[in-house]
Structures are given as C-alpha cells and as structure tokens.
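The domain 'Tetrahydrofolate dehydrogenase/cyclohydrolase catalytic' annotation in TrEMBL covers 6-121. Taken from TrEMBL, the feature domain 'Tetrahydrofolate dehydrogenase/cyclohydrolase NAD(P)-binding' applies to 140-286. The NADP(+) binding site feature in TrEMBL is assigned to 166, 167, 168, 232.
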Ligand SMILES: Nc1nc2c(c(=O)[nH]1)N[C@@H](CN(C=O)c1ccc(C(=O)N[C@@H](CCC(=O)O)C(=O)O)cc1)CN2
C-alpha cells in the first residue's frame with residue numbers, strides 16, 4: 001500500500017480563497033475590514049519567515065496587516081504596553097505574538113495580556129476554556145488546520161481511535177478537545193506513556209506533535225491509518241552537500257507512507273494550514289466583535 005499524500009499547501013490555498021470571499025463580504029455588507037497585528041521580538045530566522053508569511057497572506061486576502069518587529073532586548077513592560085495599545089484599537093481584530101519570545105520575557109504573562117476577543121492564537125485561558133466547552137471563538141491554529149485536513153480526508157471522524165503524541169498547550173491538548181468534539185476516542189500519549197509503538201498500532205488517526213525528528217516509526221502505523229505530522233524539525237542533510245539542512249516531521253515519512261492510508265508531508269502538510277487558520281480566526285474574532293455569526297466553514 002502507498003499512502004495518499006495529504007496536500008496541506010493546496011488545501012490552505014483553497015481555504016485562503018474562501019477567506020478572501022468572506023473578507024469581501026464583511027467589507028461590502030458590513031463596512032468592516034478585519035485587521036491582524038503580528039508582533040515579533042528578536043531575529044530568530046524561522047520566526048521571521050513565519051511572521052513575513054503571515055503578514056503577506058493577511059494582505060493577500062484583503063485584510064489590514066500591522067507588523068511590529070521589536071529588537072531582541074525589548075523589555076517585557078514595553079511589549080505589554082504595545083499589547084495594551086493593540087487591545088484598544090478598533091482597527092485591530094487579531095493580535096499574535098510570535099513564539100518563542102526571548103528568555104527574559106515571560107510568554108505566559110504576554111499571552112494573558114492579549115484581549116480574549118483578539119486572541120487569534122487561542123492561547124488565553126478564556127479561549128482555551130471556551131474551546132474545551134464548545135463555545136464559539138477562535139480555535140488553536142495548528143489543531144484547527146489538522147482537523148480540517150482530517151475531515152476532508154475521512155469525512156465523519158465519529159468512533160475512530162485517535163492517538164495524539166504530545167501534550168503541549170499549543171497542539172496536543174487543543175487537538176484532543178477537537179477530536180473529542182468530533183466523537184473520536186482520544187488518547188494523548190507523552191514521554192511517560194508505556195508501549196507507545198503498541199498504542200500507535202491501535203490508532204485509526206495519529207497526530208504526531210512531539211518535536212522529535214522521525215521519532216514515530218513506520219512499523220508503529222496501523223495499515224490504512226491516517227497520519228497527521230505536525231513536527232517541523234530542521235536536521236543536517238549531508239546528502240545535499242556540506243552544511244546543508246532539510247525539514248523533517250516527527251514521523252519516519254518514507255516508511256510510514258508504505259503503510260498508512262493517508263499522510264501529511266513535511267514540508268507542505270500541516271504547516272501551511274497553521275497560517276491559513278490564523279486568517280480564519282481573524283474573521284471569527286471580527287464577526288464575534290460585531291455581533292455577527294462567524295462563517296461555519298472557517299471554524300471547528
Ligand atoms: N504565536 C504563535 N507562534 C508560533 C506558532 C503559532 O501558531 N502561533 N506556531 C509555530 C510556527 N508557525 C507559526 O507561527 C508556523 C510554522 C510552520 C509553518 C509552515 O508553513 N511551515 C512550512 C515549512 C516552512 C519552512 O521552510 O521553514 C511547511 O510545513 O510546509 C507555518 C507557521 C511556532 N510559533
């Protein structure tokens with residue numbers, strides 16, 4: 001068997017087209033132009049790439065983009081002041097602080113300062129709670145993107161055994177909420193889980209979000225299972241030349257693709273969905289702030 005490759009890049013592009021249509025409708029029917037503010041502190045090269053993509057794609061779908069590039073020695077108080085300002089602004093519907101922030105800044109403190117009404121990452125305690133009890137609001141971007149890919153691939157997820165590997169606040173925990181909501185039987189595995197290979201072999205759906213290159217082996221996959229690889233790991237690639245690197249996921253892709261029914265590649269799988277879902281969340285927060293029902297095709 002050779003797995004179907006789930007093309008996240010193409011799906012994200014279609015999603016952005018739908019988002020652009022929603023933006024146009026908000027403008028023409030309601031006089032609203034959604035605005036997204038993205039804040040980066042420091043010069044981490046990968047973060048700069050992500051932030052530039054976010055800003056570019058925000059403009060491409062017709063929203064206003066506000067980008068704040070702060071030096072790495074920016075103080076916590078200064079960053080908190082900027083967030084306070086953005087919380088107050090009527091033309092800003094979404095605020096995102098790119099993670100990681102430098103060590104001298106307390107990321108939790110920063111996240112908690114973002115108004116839940118503008119928290120397009122769905123990181124604030126209020127929005128995490130809303131997600132857990134199924135209230136309308138933004139949904140964590142990478143899990144939302146993964147869910148959209150799963151539903152597109154499998155239709156109804158009801159009754160399926162889902163194993164999520166990784167229990168982070170960013171991916172593992174919100175992913176478990178979303179799959180539970182879709183009536184999967186969900187197991188969240190982590191570093192203390194016993195017999196991880198055996199557990200994975202019971203899964204109809206595997207979501208790998210551990211951040212360890214190719215940790216999930218091909219022979220851990222149940223034949224026909226759907227594999228969502230959230231990992232984005234940069235590793236040495238001597239085969240490409242001295243000093244060269246490449247991106248790999250958390251799953252041993254070549255071997256897993258021989259067994260799985262469908263699998264996301266890295267790059268080109270879940271990554272592009274993360275940014276598209278950020279734009280989707282900005283539509284959601286814009287609608288909720290203006291007493292409009294968020295479009296059902298952009299949320300969970
Ligand atoms: N505030 C946030 N910070 C971070 C988040 C987040 O959701 N909110 N997630 C990650 C980084 N991230 C978005 O910010 C992100 C990561 C990867 C991709 C992506 O499209 N990856 C490409 C490969 C890109 C490359 O060549 O490096 C792919 O997988 O095809 C988009 C967004 C941490 N921080």
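All positions are counted from 1 along the displayed chain.
Glycine too: its Cβ is placed from the backbone N, Cα and C atoms.
It should be emphasised that the depicted structure is a prediction, and the values quoted were computed from it without experimental measurement.
Screening the binding-site residues 166, 167, 168 for a C-beta under 6 A from any atom of ligand 1 leaves none. With 166, 167, 168, 232 listed as the residues that bind NADP(+), the site has a largest C-alpha separation of 16 Å. Shown in sequence order, 209 are the residues of the chain, 6+ apart in sequence, with a C-beta less than 8 angstroms from the C-beta of residue 168 (NADP(+) binding site). For the domain 'Tetrahydrofolate dehydrogenase/cyclohydrolase catalytic' (6-121), the number of residues in each DSSP class (helix H, G, I; strand E, B; coil) is 62 helix, 19 strand, 35 coil.
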